[in-house]
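Structure first, then comments.
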Ligand SMILES: O=c1ccn([C@H]2C[C@H](O)[C@@H](CO)O2)c(=O)[nH]1
Ligand SMILES: [Zn+2]
């Protein structure tokens with residue numbers, strides 16, 4: 001088991017611990033539970049889905065990398081496929097606050113980057129901030145997304161974001177988690193191809209500036225992040241953040257990163273290169289390249 005889970009795991013009910021032990025055994029547990037694993041945990045604990053998600057939240061919060069605040073937020077996004085995706089907030093020392101990933105963004109982008117086509121619910125250990133409510137309003141689940149918070153009755157995003165501003169106000173019809181492909185041909189080695197494929201899947205309807213990042217770990221594992229824009233612009237998740245989030249959720253650390261590639265359009269109105277390079281450097285990675293998509 002990855003050491004980050006030790007304390008949270010010890011605090012779980014005994015029947016949940018026994019059922020989870022084999023799932024968490026791998027230090028690179030992918031921080032998600034398949035529908036079959038969720039069924040096993042429900043059976044072992046007698047909990048319904050909402051109660052089980054609350055019981056698992058301390059493990060999601062243990063995935064946080066809150067190196068500045070030490071305030072660990074945890075979220076679990078439930079995909080329509082039945083898979084559950086953990087998320088934790090990420091803060092990057094030596095970078096800017098704007099590079100922060102919120103736990104809700106972490107869980108949601110985790111689901112999206114793993115190919116999930118939509119979300120049914122999200123469970124969070126704190127009330128989602130305004131930025132996260134806005135980030136959620138970009139999803140194809142719209143205002144019907146269920147939000148479960150400790151000590152409160154379940155509500156929908158509609159309740160938490162009244163009089164919402166969103167993609168519709170900018171006449172955008174393709175939503176986050178809708179299938180997208182921007183048509184760039186992957187070339188080069190596996191890492192380069194992964195970066196182009198990530199750019200192909202990006203959600204960039206406001207700027208038409210698709211981009212993707214691929215990170216290679218020293219053991220050969222590759223993690224990719226696709227750019228996810230937001231109607232209100234600022235809650236946008238940059239492609240590096242998506243990739244770092246997956247890497248961290250899978251039990252890897254920044255020193256494990258050996259090489260990074262950003263793929264973006266040469267003539268795009270928005271450019272990721274400088275911000276990506278600055279954050280990578282702050283994390284101690286100085287082997288990175290850029291592919292210019294045409
Ligand atoms: O909805 C929220 C609010 C805050 N945070 C994180 C961001 C930052 O890392 C820390 C302090 O705000 O908590 C979240 O993850 N979600
Ligand atoms: Zn937030």
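Glycine too: its Cβ is placed from the backbone N, Cα and C atoms.
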TrEMBL annotation, Zn(2+) site containing 129, 132 - matching residue among 102, 155, 181: 102
Spatial neighbours of residue 89 (substrate binding site) among the recorded positions 102, 104, 129 [C-alpha, 10 Å]: 102, 104
Inter-residue Cα distance where the pair is residue 90 (substrate binding site) and residue 102 (Zn(2+) binding site), in Å: 7
Distant-in-sequence Cβ neighbours of residue 129 (Zn(2+) binding site), under 8 Å, six or more positions away: 102
